[in-house]
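**Student:** TrEMBL lists CYS112, CYS116, CYS119 with the feature [4Fe-4S] cluster binding site. Under the heading domain 'Radical SAM core', TrEMBL lists 98-310. For LYS324, the entry in TrEMBL reads N6-(pyridoxal phosphate)lysine.
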Amino acid sequence: MTPKTARWQRSLADAFDSVDALLTYLELTPDELPILRDYPAFPLKVPRGFAARMEPGNPNDPLLRQVLPLGAELHAYPGYSRDPVGDLHAIAAPGVIHKYAGRVLLVATGGCAVHCRYCFRRNFPYAEQQLSRSKLALALDYIAERPDIHEVILSGGDPLLLSDDKLFNLLTALAGIGHIRRIRIHSRIPIVLPERMTDTLLDYLSGLAVSIVLVVHANHANELSSDVGAILNRWRRRGITLLNQSVLLAGINDNVDALCNLSEKLFGFGILPYYLHLLDKAAGVGHFEVAEDTAKQLLQRMQRTLPGYLVPKLVKECAGEPNKTSIL
Ligand SMILES: *Cc1c(COP(=O)(O)O)cnc(C)c1O
Ligand code: SF4
């Protein structure tokens, strides 16, 4: 018997959705911060477990800075646009973004468990990407008709926001396509809402006949709390490949100590660093930019400090390119 509302769904419903409530919880005064008040399209959203990892009284906390809407978002930086990575031009079927050889990205749902202010998808027409049953059938047809597609990347939004029923139906359908060898899940939920990582979900995934790769998304070591570590270590022992992607963000992780600490902590949790992305130039995120030269220097210093497998690949996404562009 599945309860009507799972515990993780109740946690999600209970997430902070008001700046004032979050700042009060963190013992901060809204008047002292350059807060953006009017942001109906992309409001604040922060699960309580994630907020609990922030330092009370610190307006520059690296986790708070990722989620707090600031007035700087309204500043129009040159070269920043609504679709910086060309995703809208690469929609091949409903919810299917086919940009790279051998793999497609499937936008399984528009929603996220957290709203990250630097996200390029903040301007994406999510509602149009929400997959109804008939649209999903078209997406699956597209994949089934192309034997050169070997990997489906579930993305969003956050695919783990789907209910177990919907998610399991989708995974079963994908795993049943003969030429699909791998299903990759891109999700920030293992970090921000670890209660969603239930044993039911793990049992289901590890029972599929295809390889499962889970790419989580953490930008700072403080995001990796011990409950997250305990869960992910268990997932790895059950044969799920665990990788992390981060975004290089001014004022959050743009120093060599923060990046090295993140890699070390990830490894302790059974996760290897995969990509460190340069910011995608989406309207509203320019204040997070780290210059490409600075990024290269940071990576070179990481290489002098860490074993090669703990140094992520520094990449950027260029619209129209057949793969992510490596920078170092
Ligand atoms: C990033 C991305 C992928 C995956 O690229 P990898 O280099 O395989 O991680 C696939 N499709 C799209 C549209 C992407 O943006
Ligand atoms: S898509 Fe990922 S980075 Fe963007 S808001 Fe959702 S969880 Fe954050």
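Every residue number used here counts from 1 along the chain in the order it is shown.
Every residue, even glycine, has its Cβ placed from backbone N, Cα and C.
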**Student:** Near the [4Fe-4S] cluster site, what residues other than CYS112, CYS116, CYS119 in the same chain have a C-beta no further than 8 Å from the centroid of the listed C-beta atoms?
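**Tutor:** Close Cβ neighbours, site residues excluded: VAL114, HIS115, ARG117, TYR118, ARG121, ARG122, ARG188.
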**Student:** Return only the integer: C-alpha distance in Å from LYS324 (N6-(pyridoxal phosphate)lysine) to CYS112 ([4Fe-4S] cluster binding site).
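**Tutor:** Spelling it out, the Cα of LYS324 (N6-(pyridoxal phosphate)lysine) and the Cα of CYS112 ([4Fe-4S] cluster binding site) are 23 Å apart.
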**Student:** Can you check which residue among the recorded positions CYS119, LYS324 has the largest number of Cβ atoms within 10 Å of its own?
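**Tutor:** The largest 10 Å Cβ neighbour count belongs to CYS119.
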**Student:** Cβ-Cβ under 8 Å from CYS116 ([4Fe-4S] cluster binding site), same chain, 6 or more residues apart: which ones?
**Tutor:** GLN66, VAL67, ARG188
**Student:** What is the average pLDDT across the domain 'Radical SAM core' (98-310)?
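**Tutor:** Averaged over the domain 'Radical SAM core' (98-310), the predicted model reaches a pLDDT of 95.
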**Student:** Using a Cβ-Cβ cut-off under 8 angstroms and a sequence gap of six or more, which residues of the chain neighbour CYS112 ([4Fe-4S] cluster binding site)?
**Tutor:** LYS45, CYS119, GLY156, GLY157, ASP158, LEU161, ARG188
**Student:** Any of the recorded positions CYS112, CYS116, CYS119, LYS324 with a C-beta atom under 6 A from ligand 2? Give them in order, or none.
**Tutor:** CYS112, CYS116, CYS119
**Student:** Is any of CYS112, CYS116, CYS119 (binding-site residues) within Cβ reach of ligand 1, i.e. under 6 A, and which?
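**Tutor:** Near the molecule: none at all.
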